[in-house]
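**Student:** Pulled these features from TrEMBL for this protein:
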- 42-67: transmembrane segment (TRANSMEM)
- 88-108: transmembrane segment (TRANSMEM)
- 128-145: transmembrane segment (TRANSMEM)
- 157-178: transmembrane segment (TRANSMEM)
- 198-222: transmembrane segment (TRANSMEM)
């Protein structure tokens, strides 16, 4: 039996994201006042994705609790829709985008933090909030994947969806540059057009890889768990 029920964990994680978002939006940074506001940054978009995802998880848990044993077919049908939406969001957005933000941020940060998170931001964003945006996303989503089984969509539709998201965000970044003359991320200012195209293409490929990684990880976790449960159910030899 789990030390903390997964339903309680989801509520705690949802409240954490709400706190992070509220604290982030309360910061008066110059970049928040320019074209696109916070929505220019993939980190902020990811925080919204994670908050919405865990909100759907909590709503699913509440619906499951309310419909348990009711025998109402309409309620059960609505619950199945919620579960399908929850699973789709984890597969297509929450896992690949969340892991991408954590991995890419800290890799570039370790190489040269000025390229992704200039020291100037330390005057606006406290350390705990930085980790809330760029670190805890990974363990939170792994906890969710470990505590609940999620049905992935067909690989073709899942990859199409994550490609659409990736290309859409790249076009949004390019549009912001077109309007303002400034790139959202400082390192894009220091590389040529060819390198930018290569970088954008690589990020799309990486997003697709992370989608497949999530699919494999989800299958591995729950196939292993199923095997362990089957082993426990086997009668012991005298």
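Cβ coordinates are placed from backbone N, Cα and C, and glycine is handled just like the others.
No curator has checked TrEMBL annotations; they are predicted automatically.
Small disclaimer: the values here were computed from a predicted structure and weren't measured.
Could you tell me the structural context for the features on the list?
**Tutor:** Outside the transmembrane segment (42-67), and at least 6 residues removed from its termini, the chain residues within Cβ reach (under 8 Å) are 7, 10-11, 13-14, 17-18, 20-21, 24, 75-76, 78-79, 82-83, 85-86, 89-90, 93-94, 97-98, 100-101, 105, 133-134, 137, 140-141, 144, 148, 169.
Sequence-distant contacts of the transmembrane segment (198-222) (same chain, at least 6 residues past either end, Cβ-Cβ under 8 Å): 90-92, 95-97, 99-100, 104, 145-146, 149-150, 152, 155, 158-159, 162-163, 165-167, 170, 188, 191.
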**Student:** For the transmembrane segment (88-108), what are the same-chain contacts with Cβ under 8 Å, counting residues 6+ beyond its ends?
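**Tutor:** Non-local partners: 42-43, 45-46, 49-50, 52-53, 56, 115-117, 134-135, 137-138, 140-141, 144-145, 150, 152-153, 158, 161-162, 165, 187, 203, 206-207, 210-211, 213-215, 218.
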**Student:** Residue list, the transmembrane segment (128-145) vs rest of chain: Cβ under 8 Å, 6 or more residues beyond ends.
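**Tutor:** Beyond its ends, the transmembrane segment (128-145) has Cβ neighbours at 6, 9-10, 13, 16, 19-20, 23-24, 43, 46-47, 50, 54, 57, 90, 94-95, 98-99, 101-102, 105-106, 117, 214, 217-218, 221.
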